[in-house]
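A short write-up of the structure that comes next.
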Amino acid sequence: MAAAKDSHEDHDTSTENADESNHDPQFEPIVSLPEQEIKTLEEDEEELFKMRAKLFRFASENDLPEWKERGTGDVKLLKHKEKGTIRLLMRRDKTLKICANHYITPMMELKPNAGSDRAWVWNTHADFADECPKPELLAIRFLNAENAQKFKTKFEECRKEIEEREKKGPGKNDNAEKVAEKLEALSVREAREEAEEKSEEKQ
């Protein structure tokens, strides 16, 4: 009897195992969401430089002004394909939150930070990291002196390019707009003169 009972229990157990092995639940999402295309505004820009670094800002608004870390990530120099403007953009790792976003201008100058050969300090009159533009004193630190020098070299190239571009005056788009304005003014003047001539003929 004991043997029969054991064999019955074994049979039940094997049946349960069979049921578990055959159980293959399929979970379907209740609501299917379409994929959203995420735009970073970098699609219209050419990447001139990219390197990992750590960024700081000088918190002068504090009672005791000090350097505060803004984040670690890739710093980029991006040139707009149509406008020709160049900006510095840096996002934090993982969160991708912007910690620096400003245009390169001819007046910007990189200076060594406390004599370090792998860090630079500079001023910007309008940093858009917090969406609202505001002046900032920023510092950036690289892994080594070689990387820091590569950044400085490319930064200076961009600064000089913007300086030369401003010396040449307005770009093609600006000139095209001015030509269109002149043509419009000319058309208005011609129409006015034609109306005056017709008025004189009637008299």
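Backbone N, Cα and C atoms are what each Cβ position is placed from, and that goes for glycine too.
Per Swiss-Prot, the feature compositional bias 'Basic and acidic residues' maps to 1-26 (among others).
What Swiss-Prot records for 163-192 (among others) is compositional bias 'Basic and acidic residues'.
For 193-203, the entry in Swiss-Prot reads compositional bias 'Acidic residues'.
Across all of the domain 'RanBD1' (26-164), the predicted model scores a mean pLDDT of 92. What Swiss-Prot lists as domain 'RanBD1' is 26-164, and the listing cites sequence analysis.
Taken from Swiss-Prot, the feature phosphothreonine covers Thr13, and the record attributes it to similarity to another entry.
The phosphoserine annotation in Swiss-Prot covers Ser21 (among others).
Ser60 (phosphoserine): 10 other CB atoms within 10 A of its CB, across all protein chains. In the three-state DSSP assignment, the secondary structure recorded for Ser60 (phosphoserine) is coil. Marked as phosphoserine by Swiss-Prot on the basis of a large-scale study or a structure entry: Ser60 (among others).
Marked as N6-succinyllysine by Swiss-Prot: Lys150. There are 13 other Cβ atoms within 10 Å of the Cβ belonging to Lys150 (N6-succinyllysine). For the recorded site, Lys150 (N6-succinyllysine), the DSSP three-state label reads helix.
Residues or ranges marked as N6-acetyllysine in Swiss-Prot: Lys150 (among others).
What Swiss-Prot lists as N6-acetyllysine is Lys182 (among others), and the listing cites a large-scale study or a structure entry.
Annotated phosphoserine per Swiss-Prot: Ser187 (among others), in sequence order.
For 1-33 (among others), the entry in Swiss-Prot reads region 'Disordered'.
As annotated by Swiss-Prot, region 'Disordered' applies to 163-203 (among others).
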Cα distance (Å, whole number) from Lys150 (N6-succinyllysine) to Ser60 (phosphoserine): 29
